[in-house]
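See structure below.
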């Protein structure tokens with residue numbers, strides 16, 4: 001049979017075919033670019049700090065007005081930490097060695113932070129906190145920090161108390177990364193990472209928030225699960241008798257074996273490696289996990305904790321571990337370069353290309 005189409009018809013058909021192919025390719029590329037990442041982990045594991053790092057790295061950081069929004073949180077964190085030290089001194093029947101600090105502890109304990117977002121820290125109070133932090137008794141109380149609740153950033157804020165106590169104090173990005181407030185509900189952060197458009201969902205880590213999670217996120221590309229390595233000797237804020245690492249293991253087990261995530265990969269951030277390195281020589285891991293036999297070796301201790309987490313993976317999900325320090329922007333930038341490859345691979349698998 002002869003060709004019934006004219007050359008103009010053939011050209012039109014070819015152009016239409018090319019346009020359709022181009023649209024299919026564009027749709028496919030768009031599909032691959034949209035990646036939903038679920039950020040999970042127990043309270044104070046570093047999830048919100050990761051979100052802040054994404055803003056710094058991928059969204060041009062914080063404006064002055066945005067930084068000022070954190071001033072009240074920083075001041076509250078500082079005062080709460082100072083009061084925690086005073087209460088610990090009383091709990092352990094210890095007293096400051098410097099006479100002025102013996103007088104200051106009551107004033108510190110009674111101090112209340114003004115709830116006004118524009119409030120500042122009284123300069124005399126800043127001096128009292130600074131004096132207490134420099135008291136010779138403090139190293140002895142910090143040796144026992146696993147026996148009472150003290151936020152990880154306490155020492156950082158104490159070291160910067162005179163700057164924070166200035167009337168014109170504006171937090172910097174390091175302050176923001178260390179500022180701690182409870183995350184409730186679900187927040188979404190969107191940013192581009194190379195050819196990927198990331199939708200990062202941060203879920204409240206405290207126990208009362210967990211029931212809100214899982215059913216919403218069946219279609220996520222990957223889960224980033226944060227574990228604070230340094231919590232192996234700490235107790236829960238919500239339940240003071242419960243070991244925080246044990247709680248994280250229970251949560252991780254429930255996530256990796258959930259029917260909602262059977263095709264999801266898990267990126268495991270073993271976070272707060274900096275605090276972990278300082279702590280392991282002073283607080284033996286074997287005291288809290290008796291079967292550990294690697295002594296004060298940092299690598300062996302981290303590998304043991306990783307092993308404990310991977311042992312819970314009965315669903316045989318792909319797990320990609322990374323040692324992280326969420327407060328260190330350069331570290332998180334490097335880690336996310338590797339994470340990007342993992343996410344891209346999983347997106348390609350989801351789209352049927354791999």
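Here the Cβ of each residue, glycine as well, is placed from N, Cα and C on the backbone.
Residue 45 (GTP binding site) is surrounded by 27 other CB atoms, counting those within 10 A of its CB over all protein chains shown. Here Swiss-Prot flags 41-48, 177-183, 202-206, 271-274, 326 as GTP binding site, drawing on similarity to another entry.
With a cut-off of 8 Å between CB atoms and residues at least 6 apart in sequence, the same chain places 181, 183, 202 near residue 48 (Mg(2+) binding site), listed in sequence order. As annotated by Swiss-Prot, Mg(2+) binding site applies to 48, 183.
This prediction places the mean pLDDT of the domain 'G-alpha' (33-354) at 89. What Swiss-Prot records for 33-354 is domain 'G-alpha'.
Residues or ranges marked as N-myristoyl glycine in Swiss-Prot (evidence: sequence analysis): 2.
If you look up Swiss-Prot, you'll see 4 marked as S-palmitoyl cysteine.
What Swiss-Prot records for 36-49 is region 'G1 motif'.
The annotation region 'G2 motif' is assigned in Swiss-Prot to 175-183 on the grounds of sequence analysis. If you look at the region 'G2 motif' (175-183), the same-chain residues 6 or more away from its ends with a CB under 8 A from one of its CBs are 43-44, 47-49, 52-53, 56, 62, 67, 70, 73-74, 77, 151-153, 156-157, 160, 164, 202-206, 209, 326-327, 329.
The region 'G3 motif' feature in Swiss-Prot is assigned to 198-207.
Residues or ranges marked as region 'G4 motif' in Swiss-Prot (evidence: sequence analysis): 267-274. According to DSSP, the secondary structure content of the region 'G4 motif' (267-274) in residues is 2 helix, 5 strand, 1 coil.
Per Swiss-Prot, region 'G5 motif' is recorded for 324-329, and the stated evidence type is sequence analysis.
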Would you kindly list the residues that approach the region 'G1 motif' (36-49) from elsewhere in its chain, counting only those six or more residues past its ends and only Cβ-Cβ distances under 8 Å? 151-152, 177-178, 180-183, 198-203, 205-207, 213, 217, 219-228, 231, 236-238, 244, 247-248, 251, 255, 269, 271-272, 324, 326-327, 343
Should residue 203 (GTP binding site) be counted as helix, strand, or coil on the basis of DSSP? strand
Candidates 177, 203, 326: member of the binding-site residues with the richest Cβ shell (10 Å): 326
Look up residue 48 (Mg(2+) binding site) in the DSSP assignment and reduce it to helix, strand or coil. helix
Counting Cβ atoms within 10 Å across all protein chains shown, which of the binding-site residues 181, 183, 271 comes out on top? 271
Residue distribution over DSSP helix, strand and coil in the region 'G5 motif' (324-329): 1 helix, 0 strand, 5 coil
